[in-house]
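Below you'll find the structure, written out as C-alpha cells, and then a few comments.
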C-alpha cells in the first residue's frame, strides 16, 4: 500500500472502530439493547431516533451517536426540568449515563489526539520516503551517466589503439631482426677476443669479410630505419610572424653539415624575390637577409629548395624550373604533361596551388591533377637533375577537396581542410599503390594553412599559417624489412 492510502486507511479504521463501539456498547450501558423499549414515562424508545418520552418535560432526552466536522463521535443529552425529583431511579440512571458519556468523550479525545499524532508521524514518514525515492532516482541516473561516460571513453581508446595493431605486428618482426644482428655482433666479438689470444688461429680474410658484410647490412638497416609510418603530429611551434596571409618557407634537406640557411617566399603569385637567411637564428631574430631575383614569377606556394637549387612552378603555366641559388642561373626547365594550372586544380584554399613540389627521403616529387584523372590527385616521382617524370601514380582523391598535402617516405598524406579544425585523414602508399583513410589530429593554430611541407633532415613539417611560420614535429613508426624474415 502506498503512503497516502496508508494514511486514509488509518483514519477510516479508527472511525469505524469508534462507531462500532458506540452502536454496540452504549445501548447496553443504559439498558437500551433491544430494538424497542418502554421508557420510564410510558413512551417508546427507538434506537434509530433516540428517546422520545410521552412527556418531555419529565424525562431526559438522549439522541444517538454522530460525528462532528472533525470526525469525532458525540452524544446529545437533554436534561429534564429542575422540578424533577432527584431521587427518581431514572434520574440516577441518566446521571450515570451522563458520566459514562463524559468519560467516553474524554476517551475519544485521547484517541483523537493519538490519531492526529499517528497521522503526523505517517506524513513525516511519507516525506522521508519521497525524499529517499528522489535520492535513489538521482543515484540511479548518476550511475547510468557515469557508466555511459566510462563506456564512451573506453570505446574511444579502443578506436585510437586499433590502427596500431598491424604496426605492432610488423614491429615484432623488426625486433626479431635486431636480435639476430645482436647475436651476430656477439659472435664476432667472441671471435675477435680469441684472435687477440691466438694470432693466426682464425682465417683473417674470412673474418674481415664477415665484418664487412655485417657492416653493410647494418648500414642498410639504418637507411631503412630512417623511414616510417606517420602516427602523430606535435603541437605547433611558432617560429616567426611575418609576411602576408600566403607564402612558403623552407630549409635544404641536402645542405652541407653545419649549414642551416632559411629560404622565404612571400605571396603565391606575381612575385620573384626569394630571401635567404644565414641561419634559423637570423630568421627568428633579425631582418638580415640576402635577396635573390628569379627569372620568372612563381605560382602557388609549392616551391622547394633541394641540394642548392630552388624548384618552382612558373606563373600561369605547367612548367617546372630548377634555379641554382649560387650561380643564379636556370639549370633545367620542363613541362609537367597534362598538369592543370592557373587555378584549374588547386587545393581547397585556392592560391594557384595547382602544382605542389615536395621532397622526402626518396627525393623530389610533384603533386598535381589532370583532366585524364578527372581532377583527382596525381603523384609523379621526378629526377632532380633532368626534371623527367620517373614514375606516376593516379589516386582517387579530388585535389580541390584537399586542404594541403605532404610526402613522407614515399607516402602522400592529405589533410581534410585548411581552416578551423583539421586532421590528416588520407594516405597513399606509392610503394604498394594502395591507400587508406586515417585520423591523425593536426592543430591549425592560426586558422588558415597555405603551405605544408616535410623536411626529411629535420623530421619536421614546415607550415605557413595565416602569416605565421610554423614547425611541427612528427612521430614515425619505423619498420625494418628483411628478406630473411
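Just so you know, glycine gets a Cβ as well, placed from its N, Cα and C.
Summarising the annotation, TrEMBL assigns signal peptide to 1-16. Look at TrEMBL and you will find 94-142, 178-224 tagged as coiled coil. Sequence annotations record features per position, and here TrEMBL assigns domain 'Olfactomedin-like' to 226-478. What TrEMBL lists as disulfide bond is 227-409.
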Packing count at residue 227 (disulfide bond) (other Cβ atoms within 10 Å of its Cβ): 20
Stretch-averaged pLDDT - the domain 'Olfactomedin-like' (226-478): 96
Residue 409 (disulfide bond) CB neighbourhood, other CB atoms within 10 A: 21
